[in-house]
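Enquirer: I grabbed these lines from TrEMBL:
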TRANSMEM  60-79  transmembrane segment
TRANSMEM  85-106  transmembrane segment
TRANSMEM  208-233  transmembrane segment
TRANSMEM  253-270  transmembrane segment
TRANSMEM  290-311  transmembrane segment
TRANSMEM  344-363  transmembrane segment
TRANSMEM  375-399  transmembrane segment
TRANSMEM  419-438  transmembrane segment
Amino acid sequence: MIVLTLSVTVLKNKKLFFTALYVLSVGNGGHKPCVQTFAADQFAEDTLEERDAKSSFFNWWYLAIVIGSVFAVFVISYLQDNVSYAVGLEVLVAMLVGALVLFILGMKRYSMESPKGSPITSIAQVFVAASCKWRVKDTHRPENYWYGHDHGSFHDRSESPPKIQTLVHTDQYRFLDKAMIIDEHDTSSKTINPWRLCSMTQVEEVKLVIRLIPIWLSCLMFTVVQTQLSTFFTKQSSTLNNSIGPHFKLPPASLQGFVGIVILFAVPIYDKIFVPFARKITRHRSGITVLQRIGVGLFLSIFTMVFAALVETKRVHVAKNHNLIDNTKKNILPMSIWWLLPQYTILGISDAFTIVGLQELFYDQMPIAMRSLGAAAYLSIVGVGSFVSNGIISVVVEITSKVGGKWLGDNLNRAHLDYFYWVLAVLSAMNLCVYLWIAKDFVYKKRHVVETSMVESNT
């Protein structure tokens, strides 16, 4: 941020400006996935209270992010437009320095755990070991599993499962179970080859990652809808009457901040009102499951596009009635910008459900050593979704330009943006069906309970 500020004030160097942007992007790439995971790791999982607090943490974490976004949209944008661009950046530099100082002051209090090994290597070992034993057919005999608690040798292992086990065995993706089957080659070896024999925990961790891939793919459509906020929604609002009273006009782009304001109200209501109410009905500690929460957000995203399509139809109708179809120089229609509030409101509520749900899911259901990668995977949904949105737009423009008239063009009054919104609504509905089908068979991470015989010996 310091380099960025210098590039637009003292040095006024375009190359330095873009270099600063790239450096900022690299910094965000290292900061965003890790800081959320690190903060969530400060909660222990030994008690129900701590687990409930961790689940609630993701709500308040996202709320803090939204507060920062709203501050940037309204305050920083105002400073850059009405004072100077440099002042806005200088305020951001001061805030970042303050945040860094606060972080450093708390270093002695943080709960930190040193990394052990490479999670990527562990995943590769499971696939290699399963490939080496592709001829193995019987994967249903627990006495042939290696549980990984004999520290380098399994010759003294008993036929019963060990007393401590990180993850419970699941029946999905059984082809990976071959990696933990002890065959004759393993028995004859004096030491364990990690590329030929993996523990049950290793195998189950790989299954966790594989289970999240379909969820990741099925949430891309949500970010396609979200992308319209900064593109076509803003273009829509630029054609409407944005006057608030006789002396103030609302900048079209600042309407995006209204989504943040909705989230500011939606998250506390969800955490303090909805969760306790739902808990009484479902008996679930979080009120509803994480997948159900994401599903509600996907469902609401459909209505975001439905309302957007209906408002766009009315907007074009107003343009026709007032003979403003081709009035591109003075394209403000006699229609209030507040007509767009329903689609912004529903999008904000759907964000509060889906985004927070994805954060919690990709933290809780990832292997412990890969939680930062899980946060990065959740963040990548937004980036990849933007590319998917561009692809859909390109396909729509290509097809409609050949069939009749282009649905998307510079003159929204002659385009058919409402048709495009209906397409997104239909695609979102189809995507929701796919998501429900995937979520129906999703198996949550199962942690092992203390062995029965051990409990009996203590009672």
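Quick reminder: no glycine exception, Cβ is built from N, Cα and C everywhere.
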Enquirer: Counting only residues 6+ away from its ends, which parts of the chain sit with a Cβ under 8 Å from the transmembrane segment (344-363)?
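Expert: Beyond its ends, the transmembrane segment (344-363) has Cβ neighbours at 36-37, 40, 55, 58-59, 61-62, 212, 215, 219, 222, 225-226, 229, 233, 255-256, 258-263, 266-267, 270, 290-291, 293-294, 296-301, 303-304, 307, 371, 374-375, 377-378, 381.
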Enquirer: For the transmembrane segment (60-79), find every same-chain residue at least 6 residues outside the stretch whose CB is under 8 Å from a CB in it, and list them.
Expert: 36, 39-40, 87-88, 91-92, 251, 253-254, 256-257, 260-261, 263-264, 267-268, 271, 352, 355-356, 359
Enquirer: Among 208-233, 375-399, 419-438, which stretch has the most Cβ pairs under 8 Å to the transmembrane segment (290-311)?
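Expert: Checked against 208-233, 375-399, 419-438; highest Cβ contact count belongs to 419-438.
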Enquirer: List, by number or range, the same-chain residues at least 6 past the transmembrane segment (375-399) whose CB is under 8 A from its CB atoms?
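Expert: Those are 29, 32-34, 36-37, 212, 216, 219-224, 226-228, 231, 358-359, 361-363, 366, 406-408, 420, 423-424, 427, in sequence order.
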